[in-house]
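Asks: Quick paste of what TrEMBL says about this protein:
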{"type": "BINDING", "residues": "LEU9, GLY10, LEU11, GLY12, THR13, VAL14, GLY15, SER16", "note": "NADP(+) binding site"}
{"type": "BINDING", "residues": "LYS105", "note": "NADPH binding site"}
{"type": "BINDING", "residues": "GLU190", "note": "L-homoserine binding site"}
{"type": "ACT_SITE", "residues": "LYS205", "note": "active site, proton donor"}
{"type": "DOMAIN", "residues": "355-432", "note": "domain 'ACT'"}
Amino acid sequence: MQSVKIGILGLGTVGSGTVSVLKRNAREISRRAGRDIEIFTAADRDTDKNFDCDLTGVALTDDAFSVVNNPEVQIVVELIGGTGVARDLVMQAIDNGKHVVTANKALIAMHGNELFANAQEKGVTIAFEAAVAGGIPIIKAMREGLAGNRIEWLAGIINGTGNYILTEMRDKGRNFSDVLVEAQALGYAEADPTFDVEGIDAAHKLTIMASIAFGIPLQFYKCYTEGISKIAQEDVQYAAELGYRIKHLGIAKRTASGVELRVHPTLIPHRRLIANVNGVMNAVVVKGDAVGPTLYYGAGAGSEPTASAVVADIVDIVRALTSDPENRVPHLAFQPDAIKDTPILPMSEVTTSYYLRIQTEDKPGVLANITRIFSEQGINIEAILQKQPEDDEGLVPIIMLTQPVAEQNMDEAIAQIEALDTVKTTIMRIRMETLG
Ligand SMILES: NC(=O)C1=CN([C@@H]2O[C@H](COP(=O)(O)OP(=O)(O)OC[C@H]3O[C@@H](n4cnc5c(N)ncnc54)[C@H](O)[C@@H]3O)[C@@H](O)[C@H]2O)C=CC1
Ligand SMILES: N[C@@H](CC=O)C(=O)O
Ligand code: NA
């Protein structure tokens, strides 16, 4: 039987990993796919650099459009990244009747609705397993393995770079920027690393998972996004003293009035499995009404872990080449005409517990004022930790854990406490989840 010809766009970290895995495991992969997979052509804008893979037998070009317009190519594998030229290339590939595999979460989260509609019309597939949690087959698990469930919520560590930074800060007391430079050198970070540390990359991935979980359109711009760059070493230590770890979580939850969609640092009880997911590893907990909580764990970034997901998508497409488009697994798990516009809730309506660090002067009555404000806002305190004066100004950190409260009440309480004469700096707040 004839081999299936693919064209790869971008031979960086993920592209070179994909070439290496396809070549090294060629026999095993074709036994699974039923056909040989041939890397017919590949494009990189810089064809003179030293590629981290063996390109023997691959026609290399610096013109990515020549790959998507090549009539021999059946599957285009987009590994350039971004939403500029990558979007044009993917659109062109679909218009040319080619299937697409991509690792590009920004592209799917921001332009997926139009891309899927176009792919549906042209009878081709866009596969994007590598776009969420790297090598973990989370898209497949949710779209196919959990198809019998009403998914209630999901929560995940879905950025390897951010988790690597938080782990190194906690375990080795290293500073934020040194660890980020290392994560970049290891090929984990996005082209613009603020996407990793400010939660944008996690928000892209969460947007995609929420659509698959709840059958709603992709709505990246409605995702609440808060990064980890303000987390101080002392917050990591105080959280540990109270029995918690700080993790950067993406959380999507179905409520009676809509869907919560939020990315922020979160305190999690240290005994939870997900609190012990370290380094570049990712983990996602998905709670279905029938199955209960399920946990998916693995490498969330890196060359070959991500290539593992890219190659699995290629195999899926090769297997489906002979099936009718309408019998294929829908892009967002639900049939396109069954996608519902359930509202994404504003953060003011989200209810969580909180960790607060308040820097105050060490004077009588300070705590009484704070607790009075809490009580007026209906906020119950779960635990208090008062430390010795730590800075030159003699300010005392008071650490508080609260019971669940609506975000709008907490916003009001924080505004009033920050206005007190004795409170000298902005209050550090981190939301908490039990994930039970
Ligand atoms: N690095 C990782 O661990 C992961 C990356 N991803 C995603 O995979 C995609 C690729 O990421 P990386 O491989 O890390 O990036 P990279 O920067 O290492 O590789 C991108 C490659 O594309 C080439 N390129 C740029 N513009 C081009 C153009 N117009 N035509 C042809 N080639 C062009 C660059 O020269 C480079 O070799 C991104 O969408 C990223 O978000 C997804 C999961 C994990
Ligand atoms: N920059 C991303 C790469 C994978 O998606 C991350 O660090 O997780
Ligand atoms: Na994945």
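Glycine is treated like the rest: Cβ placed from N, Cα and C.
Values in this document were obtained by computation on a predicted structure and should not be read as measured data.
In terms of burial and nearby residues, how do these features look in this structure?
Replies: Taking the Cβ of LEU11 (NADP(+) binding site) as reference, residues of its chain lying under 8 Å away and at least six apart in sequence are, in sequence order, VAL19, ALA42, ALA43, ASP44, PHE51, CYS53, LEU55, LEU79.
A helical conformation is recorded for LYS105 (NADPH binding site) in the three-state DSSP classification.
Cβ neighbour count for GLU190 (L-homoserine binding site) (all protein chains, 10 Å cutoff from its Cβ): 20.
For LYS205 (active site, proton donor), the number of other Cβ atoms no farther than 10 Å from its own Cβ, over all displayed protein chains, is 27.
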Asks: Does anything in the same chain, at least 6 positions from GLY12 (NADP(+) binding site), have a Cβ under 8 Å from its Cβ, and if so what?
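Replies: Same-chain residues close to GLY12 (NADP(+) binding site) (Cβ under 8 Å, separated by 6 or more) are ASP44, LEU79.
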Asks: DSSP helix, strand and coil counts for the domain 'ACT' (355-432)?
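Replies: Across the domain 'ACT' (355-432), DSSP assigns the residues as follows: 23 helix, 27 strand, 28 coil.
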Asks: Listed binding-site residues are VAL14, GLY15, SER16, LYS105, GLU190; which of them have CA atoms within 10 A of the CA of LYS205 (active site, proton donor)?
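Replies: The binding-site residues close to LYS205 (active site, proton donor) (Cα within 10 Å), listed in sequence order, are LYS105.
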Asks: At the Cα level, what's the spacing in Å between VAL14 (NADP(+) binding site) and GLU190 (L-homoserine binding site), rounded?
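Replies: Here the two Cα atoms are 12 Å apart.
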Asks: Please report the number of other Cβ atoms within 10 Å of the Cβ of THR13 (NADP(+) binding site).
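Replies: THR13 (NADP(+) binding site) is surrounded by 22 other Cβ atoms within 10 Å.
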Asks: What is the set of residues, excluding LEU9, GLY10, LEU11, GLY12, THR13, VAL14, GLY15, SER16, whose C-beta falls within 8 angstroms of the centroid of the C-beta atoms at the NADP(+) site?
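Replies: Residues close to the NADP(+) site, other than LEU9, GLY10, LEU11, GLY12, THR13, VAL14, GLY15, SER16: ILE8, GLY17, THR18, ASP44, LEU79, ILE80.
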